[in-house]
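Data block below; observations after.
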Amino acid sequence: MEEQRKQETSRITGLFQDEAAPFAICGAKKIDAQGVLNHTWLVSDGHSIVATGTMKPDFEAACRRFGINDSHVVDAGESIMTPGYVDIHAHGAWGKSFDDGSEGIRTARAGHLVHGTTRQVLSLITNPIDEICGNLRTVHDEMATRPDILGAHLEGPFLSPSRKGAHDPNCLIDPTPDHVEELLHAANGCLRQITIAPELPHGLDAIRRFAAAGVVPAVGHCDADYSMAKKGFDAGAGIMTHMFNAMNGLHHRNPGPIPAAVEDSRVIIELINDGFHVQNPMVKLGFGFAPHRIAFVTDAMAATDCPDGHYLLGALDVNVEHGHARLASNGAIAGSTLLLEKAVSRAVLELGIRPVDAVEAATLTPAKAFGFDRRNDVTGSPLGLIAPGYAADILLINPKTWTVRHIWCDGHAVQ
């Protein structure tokens, strides 16, 4: 298995060195945030979708216009067609973490990509700040040849010690101006998101500074009450990190940070839909609370798509049993082994969430968190919909199991 995954990682790494070829898909049931449309076709010029429709004569005309012959046409058959999944919070897969240098990034990205996560923000765990800076520089360098890597998310080191979860308490620090500038300098533009406990000394000022630098601060791993969380969002935080986890819960006399996020239409709300981090009734409650603002994330660690056993999360020992990751030292939840493919399938098949809403939570909504739902300097073409002008990130999905059959990322045929 290890050798097979090395070969697959090498294949995928090389995939992006070649120019993507034009292609077309016909006969699909399209599902995206705009709705459901049967008998859909699309044509891609390689990197972007250039035409879509439902009528066969229009499809044939579009293929002629863009020089696509039968060998580059895929008949979707009974498949559902969705945009590629976008995961804005994950730490690893296939035995590697995104903190493990270039090899770790490429291996873990392959593990997510072959299950339909076509774009990903790479989450880095709490470490000594000089190590974090080195990891940021590695992400920056990898982005130069990997359009599927959207940038980095720092989950730490600016977290509340009382809500640290599986983060090393010895590496947690306050977000002083010097620390903030050190991280911004090291990132050199690749930092997309940083989770901050707003109640920490300098917390609100740090949120303002990161937001001014184009980074999206996230409220999470915090002991903030409702008022402090609201101040964090007003200061510029645009995301709530994995709602319900590592924060004060809902209470009718002590509402905590969750209502502050729910009532603020500017805020995208992360949710780990694995049935373990968040029980099913609370997942459904989240969709009722904040329609069109729930972003499925995995918070996946190195054990994702791997057997149970012993793993590392940063410098901390983790035991994985029955797919559930916990710190060996105290049993704290230590990330997940979830894939977005599974998050979407269980939303539809187990929770009864509308397919349109489940797909939106894994595509358009996470893209919106960073403005990737419109033209931008990182992805060029927008992400999250199947429509002309959008990136050619496409999935064909088994309608019975909601497992991914075929994947295109930035126009490249992954499988």
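Cβ atoms here come from the backbone N, Cα and C positions, even for glycine.
Annotations in TrEMBL come from automatic prediction, not curation.
In TrEMBL, the Zn(2+) site is described by Glu155, His221, and among His140, His202, His242 the residue recorded at this site is His242. Listed by TrEMBL as binding substrate are Asn245, Ala246, Arg253, His277, Ile333, Ala334, Gly335; the candidate from Ala152, Ala166, Ala413 that the record includes in that site is Ala166. If you compare Cα positions, His221 (Zn(2+) binding site) sits closest to Ala246 out of the binding-site residues Ala246, Ala334, Gly335. When the C-alpha distances from Glu155 (Zn(2+) binding site) to the binding-site residues Ala166, Asn245, Arg253 are tabulated, the minimum falls on Ala166. Listed in sequence order, Gly165, Ile272, His277, Val278, Ile333 are the same-chain residues at least 6 apart in sequence whose CB falls under 8 Å from the CB of Asn245 (substrate binding site). Ranking the binding-site residues His221, His242, Arg253, His277 by how many other Cβ atoms lie within 10 angstroms of each Cβ puts Arg253 at the bottom. Same-chain residues that are not part of Glu155, His221, His242 yet have a Cβ within 8 Å of the Cβ center of the Zn(2+) site turn out to be His89, Gly156, Leu159, Gly165, Thr195, Ala218, Gly220, Thr241, Asn245, Ala246, Asp299.
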